[in-house]
Each structure stands twice: as structure tokens, then as C-alpha cells.
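Enquirer: TrEMBL lists A:74-258 with the feature domain 'ABC transmembrane type-1'. Look at TrEMBL and you will find A:20-40, A:76-101, A:113-134, A:140-159, A:188-214, A:234-257 tagged as transmembrane segment.
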Ligand SMILES: Nc1ncnc2c1ncn2[C@@H]1O[C@H](COP(=O)(O)OP(=O)(O)O)[C@@H](O)[C@H]1O
Ligand SMILES: [Mg+2]
């Protein structure tokens, strides 16, 4: 009898895991949250200006998804985000490599790097507007500056993490500086770089949207502010949801790239 | 002890001081013959790795020099002569395979870095070396799909890929289980007999040293130095049964007593 029962715990665990799969739990938890939200709003009779019920918000989001104008704004936000992100990726990786090459350079620059990192960079957006006008310029610049530091530091960290043994092996092949970088340091650092890029793409989106708050005549950030100004709170919430979707898609795209790194499971 | 007839590697008063009071290796002189199987034996901390790294061109000596076929490996400025590196193959305790490359790509890497031959010949060479090291069927595997022993075979194939005449091995099988270790010791001997390479192997296993070596260099710690040279004349190829013969046991006992005495002094 005990013997028969012994198969059970394993089976139970397998079932639990299947039941707790995110594909099942996430929609359930979301539905629960929406119900709670709805209950809260109706029970306390919260004004639609302060917090609209989920129904109207979802309806507005549906309308947004069907409106070509909204997609134009979405496209502009994505454009600013991607342009800034690519700049940050390029310069961040290059700067990380540069710092890894020279410990002196790293020592000299590290106070400035730290200062730059702790400084709230969005405070510079008005200045960017003065420099670059109201177009894409300030957005791209902000979207490039926010993720620069994590991309650079992760690249540096990745190169620093190369085990001494692998360096010894490369040295025993007589490999010069460039082959060392190309064949060992960069491939080794790639997962670190991608971890930085995953954080970075989200920061790029943040940068773009904040720049649009300040400077824009287009983009989802601009749209959001204009809806608040006209007290269309439900539409504003719909834009927030939409931004969440955009963020998920962008982040997912970077994760998908990361999955394609060979040789690491 | 008489010098070997054709000296391939000459250590000429080579020593290393890391700057911490005690020398890691006192100035050491030793001549290694072409085709010799030399084993560096000693407890840890007696400068075996330090010496091997200096011969491998990874660590500049603090004093003295190293000659390979009469050519100095280290210039006076502490720079290594890159042209001589292609004569050296290196195997470390950890296989240190590149995790994102397959076994075959790992073996190809030094060939690609050195350039020269065309792609097809390089691939053929890599496959031949994998086969020689007993890993002929593992070429498409990634390192994390290999056992410790298999990884070390691939590392040996990689070290051989540019056809060096000297193989430097720092405790290559120390992390393996006893059975794999014995198998790899036997295969290493076979490979050495077939290829005629000169091998310098570091170990702290007395039995492994006595089984493999033409000569055992016994090291003493603090400061690191050579304590004794022991020549072993057991015929080749040596079989595992050798280890149960009284002659072999006698060598092991001798080395063991010497090593215990050296540890006691320290
Ligand atoms: N990079 C290093 N810096 C300072 N001391 C070292 C370094 N490498 C080794 N040593 C010291 O040199 C001595 C010899 O070390 P090592 O050559 O690794 O010995 P073994 O390989 O025989 O165990 C030890 O006392 C060790 O602490
Ligand atoms: Mg050692």
C-alpha cells in the first residue's frame, strides 16, 4: 500500500507545476486584479476623473488600437526609442571595451561616470529641446543617454569576468590584442551585454516618453499629457496600458535576440 | 646526473620572485632532452605551476633564462618571443574550453588564429587531433555536454593542433576520478610514444609521476626548488600491471619518503 502511494507526491508536484504555469496564472491574476479594481471603484464610488473603472479604460484602449492616428504616435515613440537604444548600445559597448583596455582610463573616468550615473539625466531634457528643437532630436538623445551606463558597465563587467585560464590559453596561442577581444572577450561578455541591453531597451522607452512629456508634439508621451490636460482620464489609462504593451514587445524582442546566443543554456 | 644527449629545453638559472619574501622558485637549471617525458612532482606551493607558466611564455622569470633549441624564450625586457610559442602546447588542470564553441571549433581556434593553411585542411587537422586524443566522435558537442575526462581530451587535441613539439601539462588529470585518470595516463603515454613529443607534466601524484616519467623532478617548498632528480628505466609501453611490481613500489616508496621528509622540514 505504501508502495502504491509512493508515486503520488511526484505526480502531485507535476500537476502543481502545470497548474502554476504562467500561461495559466497570469490571465487569472489579471482577471482578479481587474475585478478588484472594478469592485473598488464601484464600492467607493470613485469619480471617473480620478480613477475610471476598467470597463471604460479597456473600451478606450480598444478604440486606440483601431485608430490610425494613435498608431502614428506609437510609431514615433518606438522610432525614438529604437534610435536612442541603438546609439546607446553602440556607444555603451564601445565605451565598455575602451574601459576594459585601460585600467588607467577607468580610474581617471570613474568619478565622472559615477557622477553622471547618479545625476537625474531627465533634468537635461529642457536643455536638449533648446539644442535640438521639438522634433525627434531630444527624444533620441534622452533614449540614448538613459541606457548608456548599464550597457557600458555590463560590457565592462563581462570582459572582466573572463576566467584567467581562458586568457592563459589565448596567450599560449600567441593571440594579439584584437583577436583576444574578438575571439574571447566579446563572445564571453555577450550574455552580460545582453543583460544590459534588456534593461537598456526599457530605459530607452522611459527616456522617450519623458522627453515627449516635456517637448513633444507627437508620440505616446505627448498623447498622454494631452489627455490629462483635457481630463480624459480613461483615455490616459488606455495609453498607459498601450505603453505597457509597447514595452513588453520591445523587451521581448531583445530577449528573443538573447536566446539566440549560441553555446549557453 | 648526465645531461640528455640532445637538449631541447634548457633552464638556465631560471627563478621567480613574486615579491613576498620567500622565492616562489629559486634559480633553477635543468636540461630537458628532445622526446623526453619529464614529470615535475611535489606538494602544492613548491613552484611547479610557476615554472611551467614561465616555460609556457605566460610569466616572465625574475632571473635566468629559458632556451628552446638554443633560442631564448624571454627577451631581456621580460617580453616573450611569440615565434617560439607555436612550439608549445598547453593543457591546464581545468580544460578551459570556450563554452560557446563546439569541441571541434575549440580545436580549430588556434589554427584559425595562426592562419596559414586553408579552411578544409584546418578542419581535417582538427578532426585528426580529436581522434588522436580519443575524442574523434565528440567534435560536434559543446563543452557542457562533455564529461571531465572528455573535456580534457579535447583540451589535449587543442594543444596539439598547431603541431608543437613540446606539450606542457599542469596537473591535467588531477580533477578526474581515479579510473578516468588511469585511462588518460595510459593514452597520454600512447600518444607520446606515437608522436615523439617532449612532454613536461606537473603532478602531485607520486604513482602518476613514477608511471609516466622518464625522469621525475622532485620539488621542495618554501622556497621552491629542485630537491632531487630520479630517472626511471621501466620499459615502454608501461602497462598498469607495472604498478604492482616490487621495483615500481620501491620507487614509489623512495619518492614518498623524500616528499614526507621535505614537507617535515618546511
Ligand atoms: N600570482 C602570484 N602572486 C604571488 N604569489 C604567487 C603567485 N602564484 C603563486 N604564488 C606563490 O608562489 C608559490 C609557488 O606557487 P605555485 O607555482 O602555484 O606552486 P605549485 O604549482 O607547486 O602548487 C606559492 O607559495 C604561491 O603562493
Ligand atoms: Mg600548481
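Glycine is treated like the rest: Cβ placed from N, Cα and C.
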Enquirer: Using a Cβ-Cβ cut-off of under 8 Å, list the residues of the same chain that are 6+ residues beyond the ends of the transmembrane segment (A:140-159) and lie near it.
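Expert: Same-chain contacts beyond the ends: 80-81, 83-85, 87-89, 91-93, 95-97, 99-100, 106, 113, 116-117, 121-122, 124-125, 128, 132, 185-186, 188-193, 195-197, 199-201, 203-208, 210-211.
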Enquirer: Using a threshold of three or more Cβ pairs below 8 Å, and leaving out pairs closer than 6 in sequence, do the transmembrane segment (A:76-101) and the transmembrane segment (A:188-214) count as in contact?
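Expert: Contact criterion met.
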Enquirer: List, by number or range, the same-chain residues at least 6 past the transmembrane segment (A:234-257) whose CB is under 8 A from its CB atoms?
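Expert: Same-chain contacts beyond the ends: 48, 52, 56-61, 63-65, 70, 74, 77-78, 81-82, 194, 197-198, 201-202, 204-205, 209, 220, 223-224, 227-228.
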